[in-house]
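Some notes on the structure that comes next.
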Amino acid sequence: HMKLQGAGLKNCVTELYKQKTCAYYVFGTVKDKFVLASIGYAVGLGNVWRFPYLCYRSGGGAFLIPYLIMLFLCGIPLLFMEFTVGQYTRLGPVHALAKICPLFKGVGLATVVISYVLCTYYNVLMTWALYYLLHSFSPSLPWQSCNNTWNAVGNCSTGFPGNATHLQSASQQFFDHKVLEVTTGIEHAGGIRWELFGLLVLAWAIVYLCIFKGVKSTGKVVYFTATFPYFILFALLINNVQLPGAKDGILFFLMPNWSKLLEVQVWVNAAAQIFNSIGISFGSMISMASYNKFNNNILRDTFIVCLANSATSIVAGFVIFSAIGYMAHIHNLPVDDIATDGPGLVFVVYPEVFSTMPFSQLWAPLFFIMLLCLGLDSQKLRSETQIIMVEKMLGKKPNLFFRVCWQFLSPMLVLGILISSIFQYTPARYGKSYTYPFWAEVVGWFISLVSIIWIPLGALHELWTTEGSMLQRLKKSITPTVDLESVSEKPSTESIVLFTAA
């Protein structure tokens with residue numbers, strides 16, 4: 001049996017074998033790399049800018065009840081299933097899902113397409129974070145005053161305007177007028193922001209440098225990108241809770257409103273946060289698990305990743321709302337007038353917070369470096385992108401809980417969320433006043449359907465190319481083509497030696 005150690009990495013028998021066994025070596029020698037990479041992918045910008053806002057808008061502390069229910073009924077079972085598919089088949093999402101159920105082979109391609117769409121979106125956010133990071137090293141933070149060429153002095157406020165709708169904060173004007181150069185509407189595109197274009201190219205270059213050697217480079221980068229944000233989060237938490245007004249912000253974040261639990265949208269929000277945050281159905285978790293040892297304990301890894309992700313969201317909530325409470329105290333405004341979500345939170349509210357905090361030019365760069373790490377971890381894995389399986393890998397059948405979730409609870413909840421989202425759809429808006437025109441809504445729906453369309457197309461193609469009557473075609477198309485017996489023979493003694501560190 002060949003033993004893989006030291007320079008042996010360069011002497012794999014064949015090029016194909018080399019690529020795969022080198023990948024096994026990366027995760028096999030240090031088992032925590034897979035967990036770190038998965039946590040890094042799951043913990044992203046949504047933990048910082050989406051969860052805190054959803055929590056307080058959806059009942060405060062009461063929101064944790066639907067959130068935790070969705071975590072245990074959807075998040076954990078479905079992540080376990082994705083890990084199982086990847087680790088058992090040792091294939092990426094396209095080929096793995098096609099072998100498990102040929103009728104739904106389009107699902108794998110859909111995950112790749114949606115990951116591509118999200119890649120473009122995430123890199124824009126990383127571009128903005130780079131822009132803010134560079135400006136954080138200025139002698140004075142450029143978003144803390146109204147004495148700049150981009151400010152509309154007549155309606156610029158050095159603090160938050162509160163109910164004065166004709167005023168904008170200096171940080172809002174920096175984001176709108178300096179960073180984005182916002183026009184009066186989407187129909188007026190404006191010119192190219194060459195500074196942002198250059199930083200966008202840089203952002204893509206950073207992603208490339210992190211993944212150009214495949215999973216081997218990913219395993220090295222993850223040590224920094226997955227752990228550094230936690231140092232910054234806890235440093236900000238320690239600093240923020242000592243600020244005046246922090247207590248009011250935290251209470252606003254956690255104060256339970258039990259009546260909210262009767263609203264369907266609150267449960268939809270909880271499920272959406274679980275799916276978006278953990279990264280279920282994007283294919284990346286399947287890809288990462290495909291490099292694992294066959295008998296790696298993915299059940300343990302599933303719980304670690306899911307619980308770490310949720311804990312990070314809650315800690316981020318304390319960090320964000322302690323700072324928002326501080327700003328409300330400084331400007332003598334209700335917390336509700338300052339709290340927001342999405343880009344407005346990390347590119348408008350928090351820069352304004354830094355401008356009034358002690359050591360502002362220390363905290364601002366660290367915060368935006370943290371955002372880059374959060375975005376990079378999720379980005380690089382997207383770019384690289386079951387009972388019998390579990391029994392063969394773990395040596396026992398999955399317990400009743402997972403079987404019930406896989407077969408009944410998770411599909412029903414996902415279907416309910418889909419139906420509810422369709423009926424409760426509201427047109428997209430920017431800020432509080434601008435509503436996108438109808439043609440822009442159509443473009444948005446087209447982008448949304450670009451990934452989904454591959455599922456019915458894949459099913460039609462499978463039924464069309466399969467021989468036999470329609471009933472026979474349907475039966476063949478839902479029969480797994482992966483060899484469930486021979487796959488279990490893959491982790492031979494040779495493979496086990498390969499996973500052993502020198």
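Using the three backbone atoms N, Cα and C, a Cβ is placed for every residue, glycine included.
Just so you know, TrEMBL annotations never went through curation; they're auto-generated.
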So, in TrEMBL, which cysteine from CYS119, CYS146 is disulfide-paired with CYS156? CYS146
Which stretch from 106-134, 196-215, 222-246 shares the most C-beta pairs under 8 Å with the transmembrane segment (266-291)? 106-134
Which are the residues of the chain, GLY40, ALA42, VAL43, ASN47, SER277, ASN309, LEU374, ASP377, SER378 excluded, whose CB is within 8 A of where the CB atoms of the Na(+) site average out, their centroid? ILE39, TYR41, GLY44, GLY46, GLY279, THR312
Given VAL43 (Na(+) binding site) and CYS146 (disulfide bond), what distance in Å do their CA atoms have, once rounded to a whole number? 35
For the transmembrane segment (34-52), sequence-distant contacts whose Cβ falls under 8 Å of one of its Cβ atoms, 6 or more beyond its ends: 27, 122, 125, 218-219, 222-223, 225-227, 229, 253, 273, 276-279, 284-285, 288-289, 291-292, 296, 301, 304-306, 308-309, 312-314, 316-317, 319-321, 341-343, 345-346, 371, 374-375, 377-378, 381-382
Going by C-beta under 8 A and a gap of 6 or more residues, the same-chain neighbours of LEU374 (Na(+) binding site) are VAL43, GLY44, LEU45, ASN47, VAL48, PRO229
The most crowded of the binding-site residues SER277, SER378, judged by neighbouring Cβ atoms within 10 Å of its own Cβ, is SER378
Per Cβ pairs under 8 Å, the stretch of 106-134, 196-215, 303-328, 362-379 packing most closely against the transmembrane segment (222-246): 303-328
Contact set, same chain, for the transmembrane segment (303-328): CB under 8 Å, 6 or more residues outside the stretch: 35, 38-39, 42-43, 47-49, 51-52, 55-56, 67-68, 71, 75-76, 79, 160, 230, 233-234, 236-237, 240-241, 243-250, 252-253, 273, 277-278, 334-335, 337-339, 345, 349-350, 352-353, 356-357
